[in-house]
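A.B. asks: Handing you this structure, nothing more for now.
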Amino acid sequence: MKTPINSRGDALLISQTIFVVAPSFILYGYNLSGLGGLVNLSTWASTFSEIDTVFTTGAIKTHDTTIQGVVVACFTLGAIVGSFSCTFFGDTFGRKKLMFSGALFTLIGTILQATSFSLAQLIVGRIILGNGVGQLSATVPVWQSECSKPGSRGKHVIMDGVFMAVGYFLESWINLGFYFTSGTTEWRAPIAISAFFSLVILASVFSFPESPRWLVRMNRIDEARSALSRYKGEDEQSDAVAAELSAIEAACEDFQTQKASLGEMFTMGEEKLAYRFGLCMLLQFFQQMCGSNLVSVYSTIIYQENLGLSSITARTLSGGMLTFKLLSCSVAFWSIDRLGRRACFMISGAGMGSCMVALAVATSFKDNYGASIAAAFFLFLFCFFTPIGFLGANFLYCTEVAPLRLRSSMSSISTANHWIWNFVVNMVTPI
């Protein structure tokens, strides 16, 4: 494969996926679930006694559990700020600069967390890390959709969900591997490993062309033509490049005549912008409230504390479940363009809802071995249905229904809404 610096066409899109998209969403999944398997380690509890849920009982444990939820949720607070900031900076600085900024924030946040000796440093690190992940999660899908070919856009952006699942997968098995080490290495090393993905983005993002649509909006037509030529794998003077460039220019002329404002998203009119924006907001709300991220983040705790399994068994089952979730992403990759977005959302939602009902019934039988097996089964089945509609397709849909002039704003605000509800979920857990 050619390097990102000189690759063209499909090779360029593959390089884009490997060097920017994959690390960005691996960081998302890895860090979102990163502390879930660490907070019940004895060395963690000894280092951060303020959130010790291992050596405490009764009212003290209840208090520390609440504080623990706040600390975990600090990542989400940072992500809300990071994604919402793209509303104001996304169209000013372009996609690549925001992605570089996001990767830099994730690197700084990771270093602060991995070297923490106080709760204050850990909290600051999580906020900075979350800010970076928020910027990446709001910007990368927009950049992808603006650079991909229309016929393959769904598959390209659905890969975001696949790479989130890769992040969950890596986190669970890396945590299990370091569980057998001694000292604070068992939690510092798993946190520090994610810095690798930040460095990959920082080293490669500026070797890719900027979004052709953003370049046209900035009236940098020659650069847009060159970028389109590389993404399409065609000569700059080819008819295909000229036709797409003309279409983008026409769309941008509409953008110039219809000055974009955030207030537009709350109006109907011919474009039904309020309806589109409402769909984006609801999808991101559903993505969080269905419990998919909760199950991924606290899977170890669910198996250990709620189902009464041993620590090693719980971690092994958690790793197996998240591996199964990763493999299940292949279904979404096949179905997203064949069945359409709406059908995928409906199948995914119905499947997850049914699993949650069955899980509620199974967990109501305390100290029942058969019920515990049934509960574990429905957790696995839940992870099969999640990727079909609510592990990437929600980000894709928001970029597709937004008009060009509001694409960055609508995507970033709906992503901020995604993180707001993630914060709510984290605040009412640990379970």
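The backbone N, Cα and C atoms fix where each Cβ goes, glycine too.
Taken from TrEMBL, the feature domain 'Major facilitator superfamily (MFS) profile' covers 17-431. Under the heading transmembrane segment, TrEMBL lists 12-30, 67-86, 98-117, 157-181, 187-208, 317-336, 343-365, 371-397.
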A.B. asks: Can you check how the pLDDT averages out over the domain 'Major facilitator superfamily (MFS) profile' (17-431)?
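C.D. replies: For the domain 'Major facilitator superfamily (MFS) profile' (17-431), the model's average pLDDT rounds to 84.
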A.B. asks: When each of 12-30, 67-86, 187-208, 317-336, 343-365 is checked against the transmembrane segment (157-181) for Cβ pairs under 8 Å, which one has the most?
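C.D. replies: Per the Cβ under 8 Å count, 12-30.
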A.B. asks: If I count Cβ-Cβ pairs under 8 A between the transmembrane segment (343-365) and each of 67-86, 98-117, 187-208, 317-336, which range comes out on top?
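C.D. replies: Ranked by Cβ pairs under 8 Å, first place goes to 317-336.
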A.B. asks: What stretch, picked from 67-86, 187-208, 317-336, has the most CB pairs under 8 A with the transmembrane segment (98-117)?
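C.D. replies: Highest pair count goes to 187-208.
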A.B. asks: Would you kindly check 67-86, 187-208, 317-336 and say which stretch has the most C-beta pairs under 8 angstroms to the transmembrane segment (12-30)?
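C.D. replies: Ranked by Cβ pairs under 8 Å, first place goes to 187-208.
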